[in-house]
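*Asks:* Straight out of TrEMBL:
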TRANSMEM  7-29  transmembrane segment
DOMAIN    9-430  domain 'Major facilitator superfamily (MFS) profile'
TRANSMEM  64-80  transmembrane segment
TRANSMEM  92-112  transmembrane segment
TRANSMEM  118-142  transmembrane segment
TRANSMEM  154-176  transmembrane segment
TRANSMEM  188-208  transmembrane segment
TRANSMEM  257-277  transmembrane segment
TRANSMEM  319-340  transmembrane segment
TRANSMEM  346-368  transmembrane segment
TRANSMEM  375-394  transmembrane segment
TRANSMEM  400-422  transmembrane segment
Amino acid sequence: MKLLIPALICNMLAFTSILPLFPTILNYYSKEGHRDWLYDISVKGLQSFQEAIGVPHSERYDKVFFGGFLGSLFSALQFISSPTLGSLSDIYGRRAIISLCCIVTFISYVNWLKADTFAYFVLARILGGLSKGNINVATAIVSDVYTPEDHPKGMALIGISYSLGFLIGPMIGAYFSTIASSTDSPFAAPAIFSIVLTVIEFAFLFFLPETLDLKEQKSLDDIKKTRKELITPKDLFQFTAVNAPQDKKKEMQKIGWIYFLFLFLYSGLEFTLPFLTHLRFDFDNMQQGKLYLFTGLLMLPIQGKYVRKTPIEKQKAVAEFGIACIIPAYLLVAVAQTPLVLYAGLFFYAIASATVVTSLTSLVHVIYPQNEKGVLAGIFRSLGCLARALGPVISSTFFWLLGATSCYIMGALLLIFPLILLKRLENPTAKKTV
């Protein structure tokens with residue numbers, strides 16, 4: 001774990017450096033000289049969609065939909081790759097698969113550096129999405145090293161790497177874009193920064209010890225038998241590929257549905273946030289970066305001091321509290337007409353971001369069979385990727401149709417449903433403490 005955490009921090013710093021840049025990136029590729037066949041096809045498809053639903057053309061809001069499409073594409077590719085990579089780590093070891101992810105990520109950043117057209121940029125995002133299975137492999141490593149009771153401690157360490165990434169990465173990406181030459185790509189410096197960090201990440205992974213117990217190693221034939229079960233949404237929701245008693249699977253399925261519903265709503269609104277601040281407050285890249293800095297500063301102590309030290313039997317209550325916080329967060333963002341109200345909403349948003357995913361992941365791992373760590377990590381991660389694949393594009397469509405305020409209010413109200421489901425769920429740790 002001593003080498004895994006700095007590797008993940010490097011990974012998250014590189015990944016988050018692009019987040020505040022999306023509105024500016026789409027403006028860049030819409031200009032002559034960078035606009036290409038793929039951008040034109042996308043615009044025509046968007047206009048056809050607008051005509052079909054009776055919405056007038058608006059270039060400012062078109063970029064929100066473009067951004068949602070790219071966010072959904074990235075997560076859809078993670079949805080495809082995550083369970084497979086998690087399962088392969090049960091065969092070839094955690095170190096080999098997470099290193100492979102790092103190499104493909106490096107190639108994606110090199111493509112981003114050279115992306116002078118929209119098609120080239122999309123190619124970079126495709127490679128990046130396929131390589132993001134490293135997080136569920138890291139989750140499997142945590143399961144190898146920690147007992148189920150101590151699992152929240154390991155997951156909190158992964159969460160801390162996320163927080164550090166969101167704390168620093170967006171600010172660095174925004175800073176680089178502000179000092180870039182107007183004649184060159186404004187994203188060359190963030191891309192080079194990401195490339196360097198990925199090389200450092202690989203150096204940490206090179207010395208990472210293998211954590212997979214050889215006695216638990218599975219065969220390739222086992223994975224081939226469950227290939228369909230690792231990709232089909234129905235099988236994923238039913239946790240079909242996990243070798244566990246039916247009553248245990250039912251517990252996993254309930255947590256899986258809560259996890260999916262929460263991330264579907266959360267990710268959609270999360271992805272449109274930079275566009276909301278760009279359109280409503282005219283925030284530039286640096287101001288966008290400060291939003292991530294603020295949330296990262298709050299998430300870091302919550303995960304390090306609160307989530308990590310909370311015993312497993314209380315993780316359900318932590319997840320409930322986190323979902324309860326995201327509802328006022330998005331209501332405040334919806335009505336915010338001043339930065340002060342916006343930041344008040346982000347305060348609650350940071351609490352939810354630091355708690356819900358980590359706690360739900362720990363809960364589902366309490367009931368998993370010991371020899372299915374990679375498979376379970378891949379399935380659970382893939383459910384999250386499916387939610388993130390659908391959330392941004394659907395949320396962007398409603399943002400576009402209804403406007404930011406109505407979209408966020410509707411999302412906040414819908415988040416009540418996963419909260420109710422979680423409150424009605426029997427604590428899966430209760431049987432362990434009897």
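Every residue gets a Cβ built from N, Cα and C, even glycine.
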*Asks:* Looking only at the domain 'Major facilitator superfamily (MFS) profile' (9-430), what is the model's average confidence as pLDDT?
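*Replies:* For the domain 'Major facilitator superfamily (MFS) profile' (9-430), the model's average pLDDT rounds to 85.
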*Asks:* Sort out the residues at least 6 away from either end of the transmembrane segment (346-368), same chain, that have Cβ-Cβ distances under 8 Å to it, and list them.
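*Replies:* For the transmembrane segment (346-368), the list is 139, 143, 148, 151-152, 155-156, 158-159, 163, 242, 244, 248, 251-252, 255-256, 258-259, 262-263, 266, 291, 294-296, 298-299, 302-303, 306-307, 310, 312, 315-316, 318-319, 321-323, 325-326, 328-330, 332-333, 376, 380, 384, 428-429, 432.
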*Asks:* Have the transmembrane segment (400-422) and the transmembrane segment (92-112) got at least three CB pairs under 8 Å, pairs 6 or more apart in sequence?
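*Replies:* Checked: the transmembrane segment (400-422) vs the transmembrane segment (92-112), no contact.
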*Asks:* If contact means at least 3 Cβ pairs within less than 8 Å, sequence distance 6 or more, would you call the transmembrane segment (257-277) and the transmembrane segment (7-29) in contact?
*Replies:* yes
*Asks:* Looking only at residues six or more beyond either end of the transmembrane segment (64-80), which have a C-beta under 8 A from one in the stretch?
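*Replies:* Contacts of the transmembrane segment (64-80) (Cβ under 8 Å, skipping residues fewer than 6 from its ends): 22-23, 26, 42, 46, 122, 125-126, 128-130, 132-133, 231, 267-268, 271-272, 274-275, 279, 381-382, 385-397, 399-400.
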*Asks:* If contact means at least 3 Cβ pairs within less than 8 Å, sequence distance 6 or more, would you call the transmembrane segment (375-394) and the transmembrane segment (118-142) in contact?
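*Replies:* Yes, the transmembrane segment (375-394) and the transmembrane segment (118-142) are in contact.
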